[in-house]
């Protein structure tokens, strides 16, 4: 029997991210005042974004991989609406699977343009693809919006586990989870009002997305192995997302 490598497999990372997501969604639904649970949940998205990119590089059939995600996004729509807004047919924003779909199409497009165009044109198409995808995520109001797409692209462009790649991943996550969200807050309240708001809100004024950076040590522990994998397990991984939302949403309608 081959000796297993040290570190975390994609199976372990995915299950860890699912637990973190469940903690986050349970807290958002039933214990919104327990912010520390939401902070724990911030680790989930970067792990999923990383796994989406790894899935892209390891899939043997990209169209099938993409269609599975699109199908999951559609299937999740009603459970997501129920959990987020307590209704079947409306939510203030779209579920995060659509963000993954946009990110996945973008990295596929970047690879396609690399194979077809000389470098100067490839740089131009990259810029257009990135601008279009981030605009689309914001326009469709998908969960995590353009910041989610930026994180996916970060794990794509800096794929690997060298010191240089890790620095790139860290830089992108700092941009998406620290600089841009807090800059948005600053622009919203105005620089002149910052002291007033800080006196009232304190550290709560800082975006909780900063805790997403804590996902990086876990991601850097990835050993490149798939780990335990069966068709049944794969199906469970896909269905867990809409099912846990459906259960939380139904429980919330009964409790509240």
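Please read every residue number as a count from 1 along the shown chain.
Cβ coordinates come from backbone N, Cα and C, glycine included.
If you look up TrEMBL, you'll see 12-30, 36-53, 65-84, 90-109, 121-137, 143-158, 170-191, 203-223, 235-255 marked as transmembrane segment.
Two recorded stretches are said to be in contact when at least 3 C-beta pairs lie under 8 angstroms, sequence spacing 6 or more; the transmembrane segment (203-223) and the transmembrane segment (170-191) meet this definition. Remote same-chain residues near the transmembrane segment (170-191) are listed as 42, 46, 147-148, 150-151, 153-155, 157-158, 197, 205-207, 209-210, 212-213, 215-216 (criterion: CB distance under 8 Å, separation of at least six residues from the stretch ends). A Cβ distance under 8 Å defines the sequence-distant neighbours of the transmembrane segment (65-84), meaning residues of its chain 6+ beyond its ends; these are 25, 29, 55-56, 59, 90-95, 97-98, 100-101, 104-105, 108, 238, 241-243, 245-246, 248-250, 252-253. Counting only same-chain residues 6+ beyond the ends of the transmembrane segment (12-30), those with a CB under 8 A from a CB of the stretch are 37-38, 40-44, 47-48, 50-51, 83, 218-219, 222, 227, 237, 240-241, 244-245, 248-249, 251-252, 255.
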